[in-house]
Amino acid sequence: MTTSSIRRQMKNIVNSYSEAEIKVREATSNDPWGPSSSLMTEIADLTYNVVRFSEIMSMVWKRLNDHGKNWRHVYKALTLLDYLIKTGSERVAQQCRENIFAIQTLKDFQYIDRDGKDQGINVREKSKQLVALLKDEERLKVERVQALKTKERMAQVATGVGSNQITFGRGSSQPNLSISHSEQEYGKAGGSPASYHGSTSPRVSSELEQARPQTSGEEELQLQLALAMSREVAEQEERLRRGDDLRLQMALEESRRDTVKVPKKKEVKACCKPGSHSQQTTLLDLMDALPSSGPVAQKTEPWSTGTPANQTNPWGGTVAPANISDPWPSFGTKPAASVDPWGVPTTASIQSVPKNSDPWAASQQPASDAGKTADAWGAAKPSPASGSFELFSNFNGTVKDDFSEFDNLRTSKKPAESGASVPPQDSRTTSPDLFESQSLTSASSKPSSARKTPESFLGPNAALVNLDSLVTKPAPPAQSLNPFLAPGAAAPAPVNPFQVNQPQPLTLNQLRGSPVLGSSASFGSGPGVETVAPMPSVAPHSALGATGSSLTPLGPTAMNMVGSMGIPPSAAQPAGTTNPFLL
């Protein structure tokens with residue numbers, strides 16, 4: 001027996017504590033172990049007695065008021081109170097609700113022992129749990145049912161054990177194991193189970209008699225307990241069944257949704273594919289419906305000299321074959337010819353086209369094609385260079401640029417035949433004058449820029465510069481670079497129009513004494529070249545019986561007459577030169 005137990009017994013005798021109070025003091029002692037379950041069961045059974053109930057509760061509230069180093073008194077009192085609420089009389093829970101403030105104050109219990117360990121946390125947590133249980137009546141009822149069921153099972157197990165009976169002394173909380181007489185008989189019988197149970201049957205039967213309810217109240221309590229347990233089991237099974245049914249229904253609904261979504265996606269994909277194909281076929285049908293004839297334009301890669309690819313005109317018109325070569329060609333190659341469907345066509349030779357008064361009417365064809373008419377918006381057919389002018393078609397598939405006249409002069413078989421003819425000033429005809437800006441302005445990226453003449457940048461001293469001496473004869477190319485020749489046709493001999501029948505260049509003294517100087521001076525007295533009015537009619541080049549080499553030089557008087565008639569000064573040049581800058 002320990003010193004604390006001896007001291008406790010002395011206090012019990014001095015203070016004349018009753019049996020119930022002594023048991024409560026023993027269960028809530030300051031010993032370093034918890035209260036015994038058997039002792040708490042005895043105290044719970046005593047709560048059904050009204051006198052014992054008051055003694056037990058008064059001692060419990062007294063233990064809850066301890067503090068400091070007696071923190072075990074408080075903690076064990078809370079543990080005992082929790083057990084009494086669940087397994088004792090219902091009056092315990094009712095009195096605890098009335099004095100719940102005494103339990104709530106224990107949430108701030110503080111104590112730190114010598115080792116620095118916070119021992120008050122055990123009391124704080126236990127008081128919080130107990131307050132929450134007292135405030136929740138439904139939870140309290142459920143836990144009371146479970147605790148009573150557990151207590152009954154423990155009692156049945158204790159009555160079924162006949163080998164070792166655990167008994168507790170009145171003055172001590174430590175169990176004492178006593179060997180019963182049945183164990184000795186079990187050893188004598190050789191350990192047979194039948195002899196063992198037979199020897200213990202009288203004792204077991206007496207314990208079963210004690211476990212039976214003695215009063216009608218206990219019998220009613222056990223009946224309510226059994227009904228509550230069966231009801232709880234049935235409700236739990238029903239909840240599980242409903243949960244399973246709900247999960248099964250959700251899974252079926254989800255699978256049904258998935259099966260509906262997949263065909264819709266397939267239908268959408270199937271609808272999208274034919275739609276795109278139908279759009280493409282509709283566009284192709286519209287393009288095929290437009291009339292198209294003649295050769296298809298071939299477009300070369302601008303950065304390489306690869307195989308030309310076919311290019312379709314979206315407007316249905318015929319695009320003449322154009323050769324788009326390297327944008328940085330080497331010396332000797334011909335300039336790139338770009339295809340512009342709205343540009344002004346050029347001719348392969350320097351022949352004038354008859355004047356057409358109505359741009360929207362059908363053009364006049366030559367004698368060989370007199371019975372045919374041209375449609376301005378229809379599909380154009382390729383025609384020779386001497387044919388009529390078509391407003392939206394090209395004669396040779398190219399568009400005039402700044403150097404197209406020089407290409408025509410180099411590739412022409414009849415160089416400078418129209419040197420003395422006066423060009424018409426109609427925008428729908430092709431002029432042989434290299435400096436005629438009204439009809440030879442190219443439809444390129446800069447249509448508004450005017451063509452420069454020698455007088456525009458040389459002024460009145462234009463006749464003093466011999467431009468023929470600045471032009472040198474380039475080396476003849478190894479092969480023909482004309483993209484408009486038919487395959488297999490013989491290439492024409494390269495002719496330089498600047499060096500045909502070129503006389504001996506005049507010296508400065510000869511230029512000063514020549515009559516051309518006076519006439520040019522009379523025309524070049526102003527800051528620029530005066531505007532020449534268009535003549536009503538111009539004879540074609542073939543009507544002129546003389547070439548540029550057969551013209552006679554004009555004197556000053558003749559030049560004045562020519563100026564009064566409105567003939568441009570380019571027609572009054574000496575007959576011996578074919579310089580395009582002095583025409």
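Every residue, even glycine, has its Cβ placed from backbone N, Cα and C.
Not measured: the values here are computed from a predicted model.
Summarising the annotation, Swiss-Prot assigns compositional bias 'Polar residues' to 165-181 (among others).
Per Swiss-Prot, compositional bias 'Polar residues' is recorded for 197-216 (among others).
The compositional bias 'Polar residues' feature in Swiss-Prot is assigned to 301-315 (among others).
According to Swiss-Prot, the feature compositional bias 'Polar residues' maps to 346-355 (among others).
The compositional bias 'Low complexity' feature in Swiss-Prot is assigned to 437-448.
The domain 'UIM 1' annotation in Swiss-Prot covers 218-237 and rests on sequence analysis. Among residues of the same chain six or more beyond the domain 'UIM 1' (218-237), those with a C-beta under 8 A of the stretch's C-beta atoms are 142, 145, 148-149, 152.
Per Swiss-Prot, the feature domain 'UIM 2' maps to 243-262; the stated evidence is sequence analysis. Non-local neighbours of the domain 'UIM 2' (243-262) in the same chain are absent; no residue 6+ outside the stretch has a CB under 8 Å from one of its CB atoms.
Residues or ranges marked as omega-N-methylarginine in Swiss-Prot (evidence: similarity to another entry): R170.
According to Swiss-Prot, the phosphoserine annotation covers S173 (among others).
Feature annotation from Swiss-Prot assigns phosphoserine to S192 (among others).
Under the heading phosphoserine, Swiss-Prot lists S195 (among others).
Feature annotation from Swiss-Prot assigns phosphoserine to S431 (among others); the stated evidence is a large-scale study or a structure entry.
If you look up Swiss-Prot, you'll see T453 marked as phosphothreonine, on the strength of a large-scale study or a structure entry.
The phosphoserine feature in Swiss-Prot is assigned to S514 (among others).
The feature region 'Disordered' is assigned by Swiss-Prot to 165-217 (among others).
Here Swiss-Prot flags 293-384 (among others) as region 'Disordered'.
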Overall pLDDT of the domain 'UIM 2' (243-262), taken as the mean: 88
